[in-house]
Ligand SMILES: Nc1ncnc2c1ncn2[C@@H]1O[C@H](COP(=O)(O)OP(=O)(O)OP(=O)(O)O)[C@@H](O)[C@H]1O
Ligand SMILES: C=C(C)CCOP(=O)(O)O
């Protein structure tokens, strides 16, 4: 079995939020400017050598979430309807293909890794996610940029549920021993109740009141779920908006640091 943590430098794990790269309220619509700017920042950072090994994860935005909510599927509600699984996975593969295409146009050696084909969730409300990392680690070692995405996931006792990009980020960061983790969305960081960016979060209780759910169709929990998951990591995690992506990739602080 491949040891996902063995060998060279720890990677950076970056999530491009669905709200950044799609228009979240219009089914299967890209946010062209948001996606292009994000792909430019990734390509620039790799070309400048600011990042050596990078794993990208993207969210569902108006591709995955609309199909998932139409079929009543979420991270906790499963389906045994193959048409529903095909609708959610198919939409995510269409979005993934667009992301890959734009990265490759900029010289980024981006290749897909589809979680539905790899991962499984154990039975129960907090069933553990098993995401084998051999393919991602090997692709990284061979110089590729693996690009994963929120997807359907086989779930014991519940058919297929949704795995969010945020959950994948946590699994990847832990399993690959990530150096830094970035979550890029449309908000410039985690905001307090006055709308100001919280610079640093060390525990959930301190910010719980300020963290609402997502403001668009989102079956996987929005900002509160994001912060909870990122707090569990060894590596420092940052939540930032599009403007923070370049600085984050250059190793600077951006948005909110969660550690
Ligand atoms: N305290 C908060 N600070 C910042 N954003 C918040 C807060 N509370 C709720 N939000 C909402 O969280 C959303 C960002 O999370 P969301 O999951 O929608 O983004 P995403 O990761 O880009 O999308 P996706 O899940 O499709 O990948 C914003 O739309 C914002 O309105
Ligand atoms: C709805 C699907 C399939 C993807 C969910 O991923 P997220 O947008 O990262 O929460």
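Cβ from N, Cα, C; glycine included.
Predicted automatically and left uncurated, TrEMBL annotations should be read as such.
Source: prediction; values computed, not measured.
Summarising the annotation, TrEMBL assigns domain 'Aspartate/glutamate/uridylate kinase' to 12-230.
Using a 10 Å radius centred on the Cβ of residue 16 (ATP binding site) and all shown protein chains, the other Cβ atoms total 29. The DSSP secondary structure for residue 16 (ATP binding site) is strand. Marked as ATP binding site by TrEMBL: 15, 16, 17, 18, 19, 61, 222, 226.
Annotation comment: TrEMBL describes 24 as site 'Transition state stabilizer'.
If you take the C-beta of residue 165 (substrate binding site) and look for same-chain residues 6 or more apart in sequence within under 8 angstroms, you find 15, 17, 18, 57, 58, 59, 60, 148, 149, 150. Taken residue by residue with DSSP, residue 165 (substrate binding site) is part of a helix. Look at TrEMBL and you will find 60, 65, 165 tagged as substrate binding site.
Residue 16 (ATP binding site) sits 15 Å from residue 65 (substrate binding site), counting Cα to Cα.
As a whole-number mean, the pLDDT of the domain 'Aspartate/glutamate/uridylate kinase' (12-230) in this prediction is 93. The DSSP secondary structure for residue 24 (site 'Transition state stabilizer') is coil.
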